[in-house]
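Pulled from Swiss-Prot:
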- 1-22: signal peptide (SIGNAL)
- 27-115: domain 'Plastocyanin-like' (DOMAIN)
- H62, C100, H103, M108: Cu cation binding site (BINDING)
- 126-145: region 'Disordered' (REGION)
Amino acid sequence: MFHHSLAAAAAALLALAAPGFAATHEVHMLNKGESGAMVFEPAFVRAEPGDVINFVPTDKSHNVEAIKEILPEGVESFKSKINESYTLTVTEPGLYGVKCTPHFGMGMVGLVQVGDAPENLDAAKTAKMPKKARERMDAELAQVN
C-alpha cells in the first residue's frame, strides 16, 4: 500500500512540475483561398500565451503587419518584409489583428485570439479599416469566445 501511495504522489508531482508545451500554428498567405482572393489561411487562430504563429508567404507579394489598434496592451507592433516568413510568439492574452500591407484594401486580414475573454475586443470591433477588410475582420471577430 505504501508503494502505491508513493508512486501516486511521485506521478502527481511530476505532472505538476512538467512544463507546458507551446503549440505552433501555421498561417499561409495566399492569393486565393477558401474564403476568396488575398487571404490568410486560416484567418482565425486560437492560441495560448507562449504559442508560436508562423506566417508563411505561400504565394508571392505578401507580408504580415500588425494592425496597431488591435494588439494587446504592451505588445509592440511588427511588420515582415514582402515574400518572407515571419514568426510571432504571442506572449500576452488578447487579440492580435494582422494585415497584408499591399492587400489590406482587398480585405487581407487575420486575427489571433490568445487566451479567453480578450480585453481589447471593443477596440477590434471599432478599428477603422477598408470596407472589405472590415467585413472579413467582423467574420473573424464572430469566432472570438
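Placement of Cβ uses the backbone N, Cα and C atoms for every residue, glycine included.
Projection of Swiss-Prot feature records onto the structure.
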residue : record                 : Cβ neighbours (10 Å)
H62     : Cu cation binding site : 25
C100    : Cu cation binding site : 26
H103    : Cu cation binding site : 21
M108    : Cu cation binding site : 27
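If one looks beyond the region 'Disordered' (126-145) by at least 6 residues along the same chain, the residues whose Cβ comes under 8 Å of a Cβ in the stretch are 35, 43-44, 46, 67, 69-70, 95, 97, 99, 104-111, 113, 116, 118. For the region 'Disordered' (126-145), the DSSP-based tally of helix, strand and coil residues reads 12 helix, 0 strand, 8 coil. Across the domain 'Plastocyanin-like' (27-115), DSSP assigns 6 helix, 41 strand, 42 coil. Per-residue confidence over the domain 'Plastocyanin-like' (27-115) averages out at a pLDDT of 98. Apart from H62, C100, H103, M108, the Cu cation site neighbourhood in this chain, defined by C-beta within 8 angstroms of the site C-beta centre, holds M29, M38, V39, F40, S61, N63, K99, T101, P102, F104, M106.
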